[in-house]
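Colleague: Annotations for this protein, taken from Swiss-Prot, read as follows:
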type	residues	note
BINDING	LYS12, TYR159, MET160, GLU161, TYR162, SER163, GLY164, GLY189, GLY209, ASN210	sn-glycerol 1-phosphate binding site
BINDING	ASP14, THR40	Mg(2+) binding site
Amino acid sequence: MIDYRGWRHTFKLDPDKTIDDEALEAICESGTDAIIVGGTYGVTYDNTLELMSRLRRYAVPAVLEISSLDAVVPGFDSYLIPLVLNAGDPDWIFAPHVSGLQAFGAYIHWDEIITEGYIIANPEAGVAQLTKARPIADATQAKAYAQVATNICRLPIVYMEYSGTYGDPTIVKAAKTGAGEAHLFYGGGIRNPEQAAEMAAIADTVVVGNVIYDDLDAALATVKAVKGTQY
C-alpha cells in the first residue's frame, strides 16, 4: 500500500481538464509527494486512462480517487474511495460502494484501497450539489463529522473539501482535532504559497488543484511552501 501518511503535498489533476506535456512534467518533477487523479463531472474511462498513461512516465506516485464506476482504470499505484459524510442524498454514502463491489469485487486488490471520509464544506461546489451535501454549521459540527469518520467509521483519512474556495482555518483546525489519529487532507481554493503554508500548518496533507490550470508557477510554488511549514 502507498504510504500516504508521509504525504505533505499533493497535486490533484482532473481528467476532464487539459494539461500540456510541459506543464505535466513540471508538476510531476516538482517534488510533490503524489498526484491524485479525480474530478466531479466529465470524468470518463478514456480521459482517465489517457492521463494515467502520461503520468506513468514519471516516478511520482499516481492514485485514482474514484468518483464514477465508469472511470475505474487499472494501473494506478493506489485507489482512494470517498465516503461523503455530510451527503444529504444517502445514496452517496454507501450505495456507489455496494455497486462497485458487485461489479469489481472479484478483481480488487484490497491493499491498494484507501478509504476517505469526505466533509464537503463549500455548498456551492459541484460535488456539494451532486451529493446534496448538508452545510457545515460551525467548528463544533466539523469536529463531530471528523469524529464520526475516525471513531465510528474507522476511516484512515478525513478530507476537508472546500472545492474551489479557500477554507476557514478555524473549521479546518476543528476537523483536525476531531480526526484524532486519522490523517487530515485539506483541499480547496489554494491560489498561492501563503495559503498553502497556512493550511499546511493545520492539515497533514495539502491538496492543490485548480490553480494548476490557471497559474502554473503559483501552483509549483506551493510545494516548497507546504514542505517548509511545520505542523
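Cβ coordinates come from backbone N, Cα and C, glycine included.
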Colleague: Under DSSP, is MET160 (sn-glycerol 1-phosphate binding site) helix, strand or coil?
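Modeller: DSSP call for MET160 (sn-glycerol 1-phosphate binding site): strand.
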Colleague: List every residue in the same chain as TYR162 (sn-glycerol 1-phosphate binding site), at least 6 positions away in sequence, whose Cβ is under 8 Å from its Cβ.
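Modeller: ALA121, ASN122, ALA125, TYR186, GLY187, GLY188, GLY189 - these are the non-local Cβ neighbours of TYR162 (sn-glycerol 1-phosphate binding site), listed in sequence order.
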Colleague: What is the separation, in Å, between the Cα atoms of GLY164 (sn-glycerol 1-phosphate binding site) and THR40 (Mg(2+) binding site)?
Modeller: 12
Colleague: Quick one: pull the CA-CA distance for THR40 (Mg(2+) binding site) versus MET160 (sn-glycerol 1-phosphate binding site), whole Å only.
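Modeller: Just about 16 Å between their Cα atoms.
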Colleague: Whose Cβ, among the binding-site residues ASP14, MET160, GLY164, has more other Cβ atoms within 10 Å than any of the rest?
Modeller: MET160
Colleague: Sorry to bug you, but what's the C-alpha spacing from ASP14 (Mg(2+) binding site) to MET160 (sn-glycerol 1-phosphate binding site), rounded to the closest Å?
Modeller: 18
Colleague: Round to the nearest Å and give the CA-to-CA distance linking GLY209 (sn-glycerol 1-phosphate binding site) with ASP14 (Mg(2+) binding site).
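Modeller: Approximately 8 Å lies between the Cα of GLY209 (sn-glycerol 1-phosphate binding site) and that of ASP14 (Mg(2+) binding site).
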Colleague: Consider each pair of residues in LYS12, TYR159, MET160, GLU161, TYR162, SER163, GLY164, GLY189, GLY209, ASN210, all listed by the record as binding sn-glycerol 1-phosphate, and report the largest Cα separation in Å as a whole number.
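Modeller: Comparing all Cα pairs, the maximum is 17 Å.
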